[in-house]
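Each remark here refers to the structure printed beneath this line.
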Amino acid sequence: MEHSRGRHNPYLVKTAGLFSILAGILSLAFVFYVLVVLGSYGFRVQMSSDSTALMAWVNKHTFAYSILWLHQIIFSILMIPVPFAASQVFKQHQSSRSSALATLSYLLGMVGFILMLISGIIFFASSPISARAFAHGMESARLMYDLFEATAMQLRLFGEIMISLWFLGIGLHLVRKNSIDMFGWYSFVLFLFTVIVAMGKSYNVFNWEPFLAIILAFTYVWLGWLMRQKVSRGL
């Protein structure tokens, strides 16, 4: 038992687990904010494909729109340390190959959340400026907005894929230890669904990102709970 505890810092893991739970709750608040709060101001998800309508709306509701991306920034900051902490309790077998896979897995997760952070910062910084310039008759503002929006969106989608690869790494470890582990098999399904959603969004075929956001929110809460439980049990 003591040897098991010595392999990781329990305070780091429990704190990161709490961060993951808080980030999951924040993600649910993000979805609620988009659909309910911003919806009450006239915002519609379909506006994301109509930059003219979106910029006109953002110019009128700059503060409300900025809070949206502030949610994503805070969420990303909370989650950046979680992959490393999770790797302390979801360890692979002690072979060099498994250790390398575990390291790659948590690095992918950290990169994913860093990309989400950069995406949120781009939206937070560029959208109000572009909308204000467009409202003052600068036609080039629309091109500038489209460029920043496309860059930030691709960073976010790529980040989501990196995060799903991290979950896939956790799933592989859990299934190796227990072939019927629920979270392990769930991670496989989550990876496939994330790739489908990201591809559909990238090629503008369908937009299932709100559904993915809800699923990921519950996943972060579940992961945080598992991390804290494993530390409490000395696993």
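Including glycine, each Cβ sits where the backbone N, Cα and C put it.
Whatever TrEMBL says is automated annotation, not expert-curated.
Database features (TrEMBL):
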TRANSMEM  21-43  transmembrane segment
TRANSMEM  63-86  transmembrane segment
TRANSMEM  107-135  transmembrane segment
TRANSMEM  155-175  transmembrane segment
TRANSMEM  182-199  transmembrane segment
TRANSMEM  211-227  transmembrane segment
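Tertiary neighbourhood of the transmembrane segment (107-135): same-chain residues 52, 54-56, 58-59, 62, 65-66, 68-70, 72-73, 75-77, 79-80, 82-84, 86, 141-142, 144-145, 148-149, 151-153, 155-156, 158-163, 165-167, 169, selected by CB-CB distance under 8 Å and a gap of 6+ residues from either end.
If one looks beyond the transmembrane segment (63-86) by at least 6 residues along the same chain, the residues whose Cβ comes under 8 Å of a Cβ in the stretch are 12-13, 15-17, 19-20, 22-23, 26-27, 29-30, 33-34, 37-38, 41, 43, 57, 105-110, 113-114, 116-117, 119-121, 123-124, 127-128, 166, 170, 220, 223-224, 227. Panel annotation: around the transmembrane segment (155-175), residues 83, 86, 90-92, 101-102, 104-106, 108-109, 111-116, 118-120, 122, 181, 183-188, 190-191, 194-195, 197-198, 201-202, 212, 216, 219, 223 of the same chain, lying at least six beyond its termini, place a Cβ under 8 Å from a Cβ of the stretch.
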